[in-house]
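Asker: From TrEMBL, here are the annotated features:
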DOMAIN    29-478  domain 'Major facilitator superfamily (MFS) profile'
TRANSMEM  68-90  transmembrane segment
TRANSMEM  102-120  transmembrane segment
TRANSMEM  203-225  transmembrane segment
TRANSMEM  290-307  transmembrane segment
TRANSMEM  319-337  transmembrane segment
TRANSMEM  349-368  transmembrane segment
TRANSMEM  380-406  transmembrane segment
TRANSMEM  418-442  transmembrane segment
TRANSMEM  454-473  transmembrane segment
């Protein structure tokens, strides 16, 4: 059963004192949404620990260690670029044919891309795999809408308190799979040493295991997920309407039990959505994502880069373990403290604190390398690594805050999807720019004759940009709601 929804004149997020009755979370549907939050993180984090080594193995850098980060950035940015070009269309399609078929398509795309990535022996093959995944994986946008479909203003904050759980699992299990099971014939010769397949494709095993878990999520979605779109259009009718000029409104036939007011409500046109609030929250959301993606892109490359070149000389298993520990920390902290901190300080204060944590995070990069050069990878280095990863928890907490601001900034409830689409488009652009630019600057800083601190100047500039845009937001989304 779909949670009751407010009309367009009702503020999108109301304070607890404004609504005394809190709607319980519909766990018969919400547990599936939580499950579906996992595959995207699981797949990307499975690849993260071994991508630098894979780039070396395929020989595209011709032995030039400084070029590894450059090619890693290209792979990451290509996925986001394809995603940017298609996310709006997939989200719009889900409004017409339903969330479930689009979600099934997204999961299938992740599965196919993981197998393709594991079987690729050239950089072009890796690139095609990531582009395919980015083009067809619309899970982030559809899941945002599914959360809105399933919750109302009284229980959405509670729902966001649970969402870090699948993020934590995906960010923890993914690096463990990728870091522990890459090159299995070399690492576990007694078990996999006779497998010619795994010798030929040394990264197929972690990709296959990740794809297997995502296949289970696909089956659960197919059999258990209930459609949340009340009025749907058959895909063939939609295609005919596209080519023969029939309007979508004529094609959409509401069911008999749908509220007439819900059917008649119309989203605002694009120009009416570009309000000051929407532009401010979109800008802040994009710069926050720019900072986070730039950091997460540089981090595994920094770990894998030799100490003498400015990194930490860690192997994929250790990198995977560190990223897994980071994921566990993020999930547990958000689950235990996110709601309490939000109630005490407000979303704006949490967001500013999160982006400001980028300053010590960036400073710790050269500190860690300097300690490793002077004393080796010892207690002091691991302590600084732990502090740096702990600080990223504050940065990750910005994302639930931004979701609340997006809802509050929407001119009306019927325009939430379009408002969220604007924000996601900007966030995706940032996701395209961040990996390639950060990895390229990192590679540039490693080259002889260049300033080794270039990457840190670059990251610090992004940090100050994110802090500046965060100051454009109020302390709490309720300030915007009360003004509507």
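Cβ coordinates come from backbone N, Cα and C, glycine included.
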Asker: Where else in the chain does the transmembrane segment (380-406) make close Cβ contacts, counting only residues six or more beyond its ends and a cut-off under 8 Å?
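Answerer: Distant contacts of the transmembrane segment (380-406): 13, 144, 157, 160, 163, 281, 284-285, 288, 291-292, 295, 312, 322, 325-326, 329-330, 333-334, 338, 341-342, 347-348, 350-351, 353-355, 357-358, 360-361, 364-365, 367-368, 371-372, 419-420, 423, 473, 477, 480.
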Asker: Test the contact criterion for the transmembrane segment (349-368) and the transmembrane segment (203-225): 3 or more CB pairs under 8 Å, pairs 6 or more apart in sequence, then answer yes or no.
Answerer: no
Asker: Tell me, roughly as an integer, the mean pLDDT over the domain 'Major facilitator superfamily (MFS) profile' (29-478).
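Answerer: Average per-residue pLDDT within the domain 'Major facilitator superfamily (MFS) profile' (29-478): 84.
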Asker: The transmembrane segment (290-307): which same-chain residues, six or more beyond its ends, come within Cβ distance under 8 Å?
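Answerer: Long-range Cβ neighbours of the transmembrane segment (290-307): 48-49, 51-53, 65, 68-69, 72-73, 76, 313-316, 318-319, 322-323, 355, 358, 361-362, 365, 369, 372-373, 377, 392, 395-396, 398, 430-431, 433-435, 437-439, 442, 446, 455, 458-459, 462-463, 465-466.
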Asker: Cβ under 8 Å, sequence separation of at least 6 from the ends of the transmembrane segment (68-90): give me the contacting residues as numbers and ranges.
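Answerer: That would be 51-52, 55-56, 60-61, 102, 105-106, 123, 126-127, 130-138, 140-142, 293, 297-298, 300-301, 304-305, 421, 424-425, 428-429, 431-440, 442-443, 446.
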Asker: Please give the sequence-distant neighbours of the transmembrane segment (418-442): residues at least 6 beyond its ends with Cβ less than 8 Å from one of its Cβ atoms.
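Answerer: Residues 69-70, 72-74, 76-77, 80-81, 83-84, 87-88, 91, 140-141, 144-145, 267-268, 270, 273-274, 278, 281-283, 285-287, 289-291, 293-295, 297-298, 301-302, 402, 406, 409-411, 454-455, 458-459, 462 contact the transmembrane segment (418-442) from elsewhere in the chain.
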